[in-house]
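Data first, discussion second: the structure below is written as structure tokens.
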Amino acid sequence: MSSSWIVGLLAFLVSLVALTQGLPLLEDLDEKSVPDGRIVGGYATDIAQVPYQISLRYKGITTPENPFRHRCGGSIFNETTIVTAAHCVIGTVASQYKVVAGTNFQTGSDGVITNVKEIVMHEGYYSGAAYNNDIAILFVDPPLPLNNFTIKAIKLALEQPIEGTVSKVSGWGTTSPGGYSSNQLLAVDVPIVSNELCDQDYEDFGDETYRITSAMLCAGKRGVGGADACQGDSGGPLAVRDELYGVVSWGNSCALPNYPGVYANVAYLRPWIDAVLAGL
């Protein structure tokens, strides 16, 4: 058996893994859904309001004739570095992605398009708890032309947000469970929920692996619902005053009163991010 044939087979298997693990679906979790950044109860916004937001577009290895399609969101850290969710990129390779910045839409060729050259996924992803350490760093080339208007870097949080602080989540996707995705960039404002309360809310969700860890933070209108991130755009930003506090990760369905959205905790994961960047 030739080595080239083996490489081709491995690439095909990786592509299959990506379809099942890269974007978890409702049926994958026995009627437990994983928010991937779909905005529920939000409003149309302009990229100038969230200029750090990017569209991460994907194409399967076995379908090179297909166009790159929006898969996840992400945030610009600097001209060559994007922060996104680990579950967006697990089982895939860099050449399957392009990053589009400075656009209001998840389709089309407006905005600035660049290539993903390297993916660094947290080595502790899913260790100890479902979706634990759900973060990844993408390196792109050519560099993004930052302009402080539609393409702008965002600072990474160093401290935990205070409970009740209103945060902004942005992204593309459907506006209701099972609905159609939005081509227009959307945003929603949600208050931070303490990890203690969030863990109580998720106590009866799934098995014991679905718990809230220090590597996560929660946000949502607890007891009210109606506003949340959800399936369709994982990896997108949760920001407070133009500072990145969270990366859209998972949760139970969308905008339910007693199930806040769960995000990767940027402040807690900052040492890992800094170590990755220092290793360049």
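A Cβ is built for glycine as well, from the same backbone N, Cα and C atoms used for every other residue.
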Looking at Swiss-Prot, which of Cys198, Cys254 bridges to Cys218 via a disulfide?
Cys198
At the level of the C-alpha atoms, what whole-angstrom distance separates Asp134 (active site, charge relay system) and His87 (active site, charge relay system)?
6
Can you give me the Cα-Cα distance between Ser234 (active site, charge relay system) and His87 (active site, charge relay system) in Å, rounded to a whole number?
8
Using DSSP, would you call His87 (active site, charge relay system) helix, strand or coil?
helix
